[in-house]
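Asker: Take this structure, written in structure tokens, and hold onto it; I'll ask about it next.
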Amino acid sequence: MGTATRRKPHLLLVAAVALVSSSAWSSALGSPTTFGPVFEDQPLSVLFPEESTEEQVLLACRARASPPATYRWKMNGTEMKLEPGSRHQLVGGNLVIMNPTKAQDAGVYQCLASNPVGTVVSREAILRFGFLQEFSKEERDPVKTHEGWGVMLPCNPPAHYPGLSYRWLLNEFPNFIPTDGRHFVSQTTGNLYIARTNASDLGNYSCLATSHMDFSTKSVFSKFAQLNLAAEDTRLFAPSIKARFPAETYALVGQQVTLECFAFGNPVPRIKWRKVDGSLSPQWTTAEPTLQIPSVSFEDEGTYECEAENSKGRDTVQGRIIVQAQPEWLKVISDTEADIGSNLRWGCAAAGKPRPTVRWLRNGEPLASQNRVEVLAGDLRFSKLSLEDSGMYQCVAENKHGTIYASAELAVQGKGPREFLLRLVRSWAHLLCPCHRVTVTPDGTLIIRNISRSDEGKYTCFAENFMGKANSTGILSVRDATKITLAPSSADINLGDNLTLQCHASHDPTMDLTFTWTLDDFPIDFDKPGGHYRRTSVKETIGDLTILNAQLRHGGKYTCMAQTVVDSASKEATVLVRGPPGPPGGVVVRDIGDTTIQLSWSRGFDNHSPIAKYTLQARTPPAGKWKQVRTNPANIEGNAETAQVLGLTPWMDYEFRVIASNILGTGEPSGPSSKIRTKEAAPSVAPSGLSGGGGAPGELIVNWTPMSREYQNGDGFGYLLSFRRQGSTHWQTARVPGADAQYFVYSNESVRPYTPFEVKIRSYNRRGEGPESLTALVYSAEEEPRVAPTKVWAKGVSSSEMNVTWEPLQQDMNGILLGYEIRYWKAGDKEAAADRVRTAGLDTSARVSGLHPNTKYHVTVRAYNRAGTGPASPSANATTMKPPPQRPPGNISWTFSSSSLSIKWDPVAPFRNESAVTGYKMLYQNDLHLTPTLHLTSKNWIEIPVPEDIGHALVQIRTTGPGGDGIPAEVHIVRNGGTSMMVENLAVRPAPHPGAIVSHSVAMLILIGSLEL
């Protein structure tokens, strides 16, 4: 239980006040209506848009003073000349700047208010000029990437002040890019990030930058940049964070802090946030790409981590928020009256981060130590005050984030009489009787002991000396004492628990009762956003305190104070918060070996719960992640302060840290140890990825995967290669220095093409050789095939195509046969002008197209492999057919019967240079079936069955023969109950007939090609 502070409820002291009425003293004290300037309105900083249509800036200044104050202004520390007709006008105390410009008017302004009592200086106001220039007029380069990859489109905003907000347009205004898990617009750089592109992202992009100033908003657009997507890459990719927040972010208390984090990847990564050295507040906004703290406090300082994760992996980035604060008054000066010759000590104190410095002003001018005045940071001391010390004083606290001013008036007055003639009168006439309860001290103080309600009334003190007489009257009211009736109880709780400390009080019913709580003598702020403290009182006499989700910092001495305007009472209670251990300290590495070290540390705070065990972690700086390591002993008990770390990698840089745990959880880690490097050792892992092949004749090329730093184990690293012809017993060796080496070329004219070699590899460093890899089979370089294909045969199959066949080759010893190359050229041309076609496999026939009609061609066939093309076969000859007739059938007529359609036409006679006509092809489509049907006939007429309800039909007729198909004639047929005729010359289509049949004609033409008419 807490104990009450000492009180003396039955003792009253009434201090006598000597008032001097002589006119000689009036000037020292000042008239009751005379006082120095007190600011009622001070200038505020202004952000003025350079392009604003406003013609003036007003900086406000108004002070209450008697006599009234006069005003002056300073700009950048120099007093301004405010002359009539100039751009700077004084209106009352306000400064008006006409037609402001950045070159002349940007700066720091202060108002000075003066009257006969003294001068005070206002806070600083900064006039800044905002602007936003236009984007560059140059065209933006297209951006190209594969569909499925991530992409970043830079905004490159123009020059501006202050900061901007950003949005992106796709193709046209106002089609803005949405903010979703796949798209992200950085409000720091303006860049647009797309985690994984898809076809919908194709288009033209423009960055929209907007400037928000005090009374103006302006937006500008960039030129459009085109985003092109190449063929889709369907592979999955682990996340890669592209938009990163800084390693250090500085913020002022109360400001909003936003951290940005966005990653590329497939699937689209999911973003998670955590506070490395604490927990995230539920009131914070953690929309995936951003972490937003609306009103940052010192409790929010720490290291934050963003993690991007998908099914293929994860990526993280960390950064620290460092919270600082503008100066804030803890203690200020107040108006003071003091006697001539007395001493005075004034003090002021301010909080802030960095810690503020304090200086003093007297009547607006800097005050330094001199004679009777001593200036010592926040203390100002006067010895033997004189009348000239009267005036206006200001205490100024400042750090790099701001400056604050506290003002007070010092009035030095003539002393009252040293020898008082005291007559204390009660109820205006009754002289107090001398008794043991009443004492009057030599300085005029009246002391009444064991006070009761009978002592209530008016008390008058009379004083006189050679300069005159004075008196002062006060009223004494006696009230019931305030008492704590239910005091808070000390408590022992765990981290995260809730606790209510009770505090009830009784008091005089004629007065208001208020409760205040302190923790270790510091007032508790119940209005702090996201705070842990709540007041749960439902009655005026109940002031209970509830602590929600208690943290370690909430342990200490709590004092409940119940107070009225007359008195107060208080009780104390101690709260003990138990939690996970604090971080261990003094982490030291010694006894460094190649795979082990000895780690020592000192105990941290156990936070009132015994430490149960320690966990050791290591990382490889600078960007390695902390991982738990094996130790000896395997389980490190809570009373240990040293352990051996096992399983380290030789010749590797490490940092170590220690984490303590108890029954309540795991504590914060220690700071990292100093960086060490383990000793060297021979390699312990064989290189991987052994393969090879290719190269020039007589060469053997061997490839492998270079070994990363963690597997090298020492300096002087390289590779030792062993190889031999398959079947040989003798191994040849080659030493390849350098960790980055990844291939070796063995050149020897005796090496035959495509000879198999057995190959194995090991690594070495200056401490020795590592284990050998498994044996791999690698072939020497290939050479061109040595044998030509045989029995080549070619024949023209149309006016533009020929078929070529040949006998296959047996597998060539010079390499792996990949296919065949056909070379063909016109009779009369040189073979050097031949065209070439390659098969994509070991087929023994091919069709060559794109030939000229009625033309003789020479044809050869060659085999090829990775080294090149072999010798040519003997040439064969083929002649393409004459072209088909270039005239469509004419005079087409048709006749409908109840169930058939008869169509006839004039036969087509080929010219001498055209191939023979062997028949006709007719493509038929009606308005009931979308799919056309193909009919063949060797005559110049045809009859086909049709449904009776057919109204429209579309028909194409063309010749066919050895040279291929001729030009079609196309007619629209309408059932009209009789015989009709339509003459169609060439392949020009008539005007389409209305109805569904028109829309089908395109599909029918496409089908003609697919059916190879």
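Count begins at 1; order follows the chain as displayed.
For all residues, glycine too, the Cβ spot is worked out from N, Cα and C.
No curator has checked TrEMBL annotations; they are predicted automatically.
In case it helps, TrEMBL gives these features for our protein:
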SIGNAL    1-30  signal peptide
DOMAIN    43-128  domain 'Ig-like'
DOMAIN    133-222  domain 'Ig-like'
DOMAIN    239-322  domain 'Ig-like'
DOMAIN    327-411  domain 'Ig-like'
DOMAIN    482-576  domain 'Ig-like'
DOMAIN    583-681  domain 'Fibronectin type-III'
REGION    667-692  region 'Disordered'
DOMAIN    686-783  domain 'Fibronectin type-III'
DOMAIN    788-883  domain 'Fibronectin type-III'
REGION    867-891  region 'Disordered'
Asker: For a three-state summary based on DSSP, what are the helix, strand and coil counts in the domain 'Ig-like' (482-576)?
Answerer: 3 helix, 46 strand, 46 coil
Asker: Please tell me whether the domain 'Ig-like' (482-576) and the domain 'Ig-like' (327-411) touch - that is, whether there are at least 3 C-beta pairs under 8 Å between them, with each pair 6 or more apart in sequence.
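Answerer: Contact between the domain 'Ig-like' (482-576) and the domain 'Ig-like' (327-411): absent.
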Asker: Pop the mean pLDDT for the domain 'Ig-like' (133-222) in here, whole number is fine.
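Answerer: Mean pLDDT across the domain 'Ig-like' (133-222) comes out at 89.
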Asker: Would you mind splitting the domain 'Ig-like' (133-222) into helix, strand and coil residue counts from DSSP?
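Answerer: Output for the domain 'Ig-like' (133-222) reads 3 helix, 40 strand, 47 coil.
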